[in-house]
Structure formats: C-alpha cells, structure tokens
Amino acid sequence: MPSSAAPEGISPVRRWIPQFSGESSSTSSSARGSDHDLLGYEETYETAPYTDHDVSATTTRRRARGDELSREASVEGEMKPVRLSALTVAACGSTAGATAKFVVAPLERVKILYQTNPNLRFSWTSAYHTMQSIVSTNGIRGLWKGYLMVLTRIVPYSATNYTVFDRVNTYLQNSALRQHCPAELIRFLSGNCAGASAVIVTYPLDMLRSRLASDTRGEFSSYKDAVRKIYASRGIRGIYGGMYPTLCGIVPYAGMSFMCFETLKAKRKEMSGSWTAFDRLICGGFSGLVAQSATYPFDIIRRRQQVHGGRAFPGKGVIRSLVEVARTEGFRKGLYKGLSVNWVKGPIAVAVSLSVNDAVKEALISRAA
C-alpha cells in the first residue's frame, strides 16, 4: 500500500482498530510478500493472525507451519508463543471425540435402529421401550454395542477433523483470500475440507459401526465376521456403500458446526471479553443443533444404504432417494424421523467434544508455559 494512503503507513481501515501494546504503527518492507506487493497492499493485519486460540494482536503476519499458536507466555520479558504440535492437536481431538461418543452411544444406537427400519414409528415412549428391550436382551452393555468399532473410527476421524480444520482455517485466514472473503465463509470452507477428509479416511469403519449397531438378530458375531460377510455378499461396494450421501451430509455439517462455533466464540469474546467453560458448552450445543437440523435427511439416506445396500433405494441417487422417502413416509416422519433424538444427542456430542478438546489443550498449554 503506498505510504501516502495514510500517515505513518497506517491504512484508513486501521484507524478504526484499537491499538494494542507492543504493536508497531508501520510495517517494514521485509514483512511484505512479493505476491502481496503485486496486489498493492501491505502484508499486515488489524488483528493477530487467526489461530484456534486468539490471544494477542500483532501487525506482522505469521503462518502456522505444523504447530498451533495457542497462548502467549512470558519468556525473558518478551511475549513468545507456546505451541502445540500437530500430533498433539490430533491427540486432543481424538480424546474429545471418544469422550463425546461414549456419552451419547445409547442414544446413537436407538437412533440408528429407527433410521434403518421404515416400519418403526418413532416416539420417546417407543424409544424408551426399545432401550429396555436392548437391556433385557443383551444387558446394559448392549446399549454400547459396537462402541469398540466407534472408537476405532472416532479416533482417526476426530484427529483428522480437528487437525485439518485448524491448519486450513489458519492458513486461509492469514492469506490474501481473507481480504476478499468474510471470516465466516472461510470457517465454513475450512470445515468442509475437514469433514470431507475425515469421511474419506474413516468411512469403512463408519459403515461397520452402522451394521453392528442395527444388528438385533446376531447376524454378525464379530467385526471380522462382519467384514467377511459384507465383502462376500457385495464386494468392495459393500464396504463403501453410502459414502456419497455421507459426504453430501457431513461436508455441510462440519462446515456449519465449525463456522457457528468459531463465530459465536468471536462474538462472545468481543462482547464480554471472557470465554468460560459454560460458554463453550452453550455455543457448542447450539452449533450442533443448527448443523444437525440442516443436514439430517442425508443421514437417513446414508444409514439405510449402509445397512441395506442396493436394496434400500435401487437405481436411485441421493436426491431421488430423498424424494422417495418424503413421498412414501412423509417429510417429518420420513426425512426427519428420529430427529428429536438427534436434537438431544447432537448438541450434547458437539458440546462435549469441543469442550473436552479445549480443556485438554488448555491443560497441555499450562504445563508447557
């Protein structure tokens, strides 16, 4: 940006931004990238480069290269960042995902049973009776049937989901794209990338989890037995059956979840200057509620294709399958069948996952500082 645009090299926009201690009023030529010079603006930011934990303001752009900038620690009188490695970020996400899935596993199993059986009419009374039936047949452990498979899926899924979002979002928020796109859109796109990456990495495990959770007749004696029988009857397409509707549902779901949570987090900090555990739970729960409601019909199609394969919607794509369910079963009792369970399960899962992830990070950062 030409120096004549504002005194002391400060852009007109920056005049409206509060000055923070330690900020420089101008940016040296070494802080500019050649690609930014071609566009005609300085490589500076009114606030600190985006990170998962926004903790300081600076005028110099810093990129996240495999480490997460999370908090400033005082070292020899200077404020230097305490960084968490990408592996640590992934471990935090895995712990959060496993905890959240354990909490909601009983509700998840009941929901899958209703999603995959068109003849079952959902109500909270019938859901309670279904849980009683599971307990009387298989014991209390029956409510967590398939949880081991959930763990084998959720650990890599959450690790991929949180890490990809963190890296992509940090990069895009600190790139030239930020000058042309609102932060909310970048968060949404970053969440899309995170969700798609996590699905591609872990989909076969998700399919096995659905088959085991919906198996009330003892068709599969073990995970190995399930893989053998599914592959023998349907081949590789059986292992990846329902992946397309899964992507159609999870990509916007992840995008909306991250976008809502990060936006609410920024607004809350702006309004009150605080960010408590209660704030995390409320914002995480609301984000999960919005995302679940918007993408739930795709979850119906995904579950039925995973469990019933080609027999679920023979010769139909995702859109035609959605139309078929709405026509034969209705909008509320078909496309949104069991949604009220998700209105309980989804917000709880998202709130627990985000809160545990943040708490584990804070503990690790405190030790490092």
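Including glycine, each Cβ sits where the backbone N, Cα and C put it.
According to TrEMBL, the feature region 'Disordered' maps to 1-37 (among others).
Look at TrEMBL and you will find 21-32 tagged as compositional bias 'Low complexity'.
Per TrEMBL, the feature region 'Disordered' maps to 49-76 (among others).
Here TrEMBL flags 65-76 as compositional bias 'Basic and acidic residues'.
DSSP places the residues of the repeat 'Solcar' (84-171) in helix, strand and coil in these numbers: 76 helix, 2 strand, 10 coil. Sequence annotations record features per position, and here TrEMBL assigns repeat 'Solcar' to 84-171 (among others).
Here TrEMBL flags 182-267 (among others) as repeat 'Solcar'. Across the repeat 'Solcar' (182-267), DSSP classifies residues as 72 helix, 0 strand, 14 coil.
Marked as repeat 'Solcar' by TrEMBL: 279-363 (among others). Per-class residue totals from DSSP over the repeat 'Solcar' (279-363), listed helix then strand then coil: 75 helix, 0 strand, 10 coil.
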